[in-house]
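Pulled from TrEMBL:
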- 27-39: compositional bias 'Polar residues' (COMPBIAS)
- 49-516: domain 'Major facilitator superfamily (MFS) profile' (DOMAIN)
- 1-39: region 'Disordered' (REGION)
- 43-64: transmembrane segment (TRANSMEM)
- 84-103: transmembrane segment (TRANSMEM)
- 115-134: transmembrane segment (TRANSMEM)
- 140-161: transmembrane segment (TRANSMEM)
- 173-196: transmembrane segment (TRANSMEM)
- 202-224: transmembrane segment (TRANSMEM)
- 275-296: transmembrane segment (TRANSMEM)
- 317-337: transmembrane segment (TRANSMEM)
- 357-375: transmembrane segment (TRANSMEM)
- 380-400: transmembrane segment (TRANSMEM)
- 444-472: transmembrane segment (TRANSMEM)
- 492-512: transmembrane segment (TRANSMEM)
Amino acid sequence: MDPGGSTEKETAAVATFPLENDDKSSSQESFGSDTKKPSSMSLWHTVLIIFSLTTITVSNSLSLGLVTIGLPRIAEDLALSGNLLLWPATVNSLAAGCCQLLAGSVADIVGSRRVSLCGTFILGVFTLACGLAQTGIQLIIFRVLQGVGVSMVFPTSVSILTASFPHGKARTFGFSCLGFGIPLGFAVGLIFGGIFESTSVGWRLGFYLCAGAMILLFFVNCFFLPPDRLVKPVTLTRLQKEVDWVGVAISTTSLALLSYVFSVMTGSLASVRSALNATLLSISLVLIPAFIWWMHFQEKRGKPALIPNSLWKNARFSFICIIVFLSWAVLNSMEWFFSLFFQQVQNLSALQSGPRFLPNLVVGIIANVLTGLLVHRMSVVYLVVLSSSLAAISPLLMAIINPAWTFWYCAFWAMLLLPASVDVIYTVANLIVTDVFPENTQALAGAVFNTIAQFGTSVGIAVMAVIASAVTQKSAIQNKNSPDALMEGYRATFWACFAFSVMVVLLSGWGLRGTSKVGVARS
C-alpha cells in the first residue's frame with residue numbers, strides 16, 4: 001500500500017461505516033448529511049464563531065501556562081510533595097484524554113453546541129476552584145475536573161467548525177486559529193503567571209481572571225454559537241443504540257490506567273514495580289487487544305464502532321496519528337523542561353522566566369498564519385517535513401547548551417524554533433482526520449485527534465521526567481538537587497526529545513508522501 005494514501009475502495013469503506021444495521025439506514029444517512037451540512041453565513045458571524053472557539057482554547061492553555069511557570073511557588077504554598085510535583089499539569093491532560101471519546105460520541109447525538117456550552121461552564125467553575133485550592137490534593141482534583149470540561153470543549157469545537165463551514169479557506173482558517181490558541185494561551189499564561197507571582201495575591205490571581213473569562217465566554221456563546229441542526233429528536237434509545245458504549249468503556253479504562261501509571265512513574269521509575277501499579281499496567285495493556293477485537297466484532301455486525309479498524313487501513317490517517325502523538329509529547333515536554341531549566345538551573349525567578357517564552361508566541365502566530373495561507377496551495381508533505389525539521393533543531397540546541405551562556409546565544413533560538421511544526425501539524429491533522437470520519441461523527445473525529453494529542457502530552461512528560469530523574473540520580477555529583485546534577489538529567493531529556501523530533505521528520509516524509517493539498521474547497 002502506498003503510505004501516502006489509500007485506494008478508493010479503502011477510502012469508501014472508511015467513510016461510510018453504518019451507525020445501525022436495520023431498515024432505517026436510509027433515514028440515518030439523511031440525518032448524517034442534514035445535521036452537519038455547512039450553511040453560508042455572514043463574515044461577521046464567521047469571525048465570531050471562530051473567535052469564540054479559539055478563546056476557549058486560549059483560556060484552557062492559559063491555565064496550563066499558569067501552572068507551568070508557577071509550579072515551584074504553588075508546590076511551596078500548597079505543600080505539594082515531590083512525587084506529586086508534575087501532577088497538577090499531567091492530570092488535566094490525563095482526564096481530558098480519557099473522556100474525549102465519550103464526549104465526542106455523545107455530542108454527535110445530542111448536539112455539539114449543548115456539550116460545548118456545558119464544557120465551557122465546567123471549565124470556568126473549576127478554574128476558579130483551582131485558584132481557591134488550599135491543599136495540593138484539592139488542586140489536583142480540580143485540575144482533573146478541568147480536564148473533564150476540556151474533553152467536552154475540544155471535540156465539539158472541531159464539530160462546530162465542520163458543521164458551520166464547508167471545505168475551503170474558512171474551515172482551514174478556523175482550524176489554524178484553534179491551533180494558534182494553544183501556544184498563545186500557554187505563552188500568555190507563562191508571562192502573566194510570572195508577573196502575578198510578584199503581587200500580593202500571587203499565582204491565584206491568574207486562575208481568577210481566567211475563570212472570569214471562561215464564565216463570560218459561556219454566556220456569550222449561549223447567544224452566538226450556531227444552533228445544532230438535529231433532524232431526529234434526542235432520545236435515550238438513540239443514545240443507547242448509536243453510541244458504542246462498550247468501546248468507550250474499554251478505551252477509557254485502558255487510557256486512564258495507562259496514563260495513571262505513567263503519571264506515577266514521573267516520581268520514580270521503581271514505583272511501577274509495586275503490586276498495584278504493575279496490576280494496573282497489565283490490565284491497561286490487555287485492554288488494547290480487547291478493544292481491537294471489539295471494533296472488529298462491531299464492524300462485522302454492522303453496529304456502531306467507536307474507532308473502526310478499517311480506519312487504520314488509511315495510511316495517511318495512521319501516520320498522522322503517530323505524528324501528532326510524538327509532536328505533542330515533544331512540545332509539552334520541552335516547554336516543561338524549559339521552565340525548569342530557567343528556574344532550577346539558571347536560578348531565574350518566574351518573573352524573569354516568563355518573558356523568555358515570548359519567541360514561542362511570536363513563531364506560533366507566524367506559523368498559524370502561514371499554514372492558513374499555504375496548506376491549500378502546496379503539498380502537505382513538504383509543509384510538514386520542512387516545519388518538523390526546523391522544530392527538531394530546538395531540542396538539539398538545548399542538548400548542547402551551556403547554562404552559563406546568555407539567553408540570546410542558544411536558548412532564544414531553541415525557543416524560537418520549538419512551535420514551528422505543531423502549529424502546522426494541528427491544522428493538517430484536523431483536516432485529515434475530519435475527512436476520514438463521516439459527516440455525522442465529526443465530534444468523534446475531533447475527539448480522536450485530541451485524545452491522541454492529550455495522551456501524547458501525558459506520556460511524553462512522564463517519560464521525560466523518568467529519564468531526567470534516572471540520569472540525575474546516577475550523576476557523580478553528590479548533591480542531586482544542585483543545578484549541575486539537575487542539568488545532567490535535563491540534558492538527557494533534550495536528547496530524547498531530539499530523537500522523537502527526528503522520528504517525526506522521517507514519519508512525515510514517508511507516511512504523508514503522495515498526499516496532495518488539504519483544505520481545498522469542494523464543489
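Each Cβ is built from the backbone N, Cα and C atoms, and glycine gets one as well.
Note that the coordinates shown come from a computational prediction; the quantities given were computed from them, not determined experimentally.
Taking pairs at least six residues apart, the transmembrane segment (202-224) and the transmembrane segment (115-134) share three or more Cβ pairs below 8 Å and count as touching. Of the recorded ranges 43-64, 84-103, 317-337, 380-400, the transmembrane segment (173-196) has the largest number of C-beta contacts under 8 angstroms with 43-64.
Contact between the transmembrane segment (84-103) and the transmembrane segment (140-161) is supported by 3 or more Cβ pairs under 8 Å, counting only residues 6 or more apart in sequence. Counting residues 6+ beyond its ends, the transmembrane segment (380-400) has Cβ neighbours under 8 Å at 4, 323, 327, 330, 334, 337-338, 341, 367, 371, 374, 410-411, 413-425, 428, 490-491, 494-495, 497-498, 501-502, 504-505, 508-509, 512-518 in the same chain. Outside the transmembrane segment (317-337) by six or more residues, the chain places 3, 14, 68, 86, 89, 93, 186, 311, 357, 360, 384, 388, 391, 394-395, 398, 418-419, 421-422, 425, 428-429, 432-433, 436, 448-449, 452-457, 459-461, 463-464, 468, 490, 493-494, 497, 500-501, 503-504, 507-508, 510-512 with a CB less than 8 A from a CB of the stretch.
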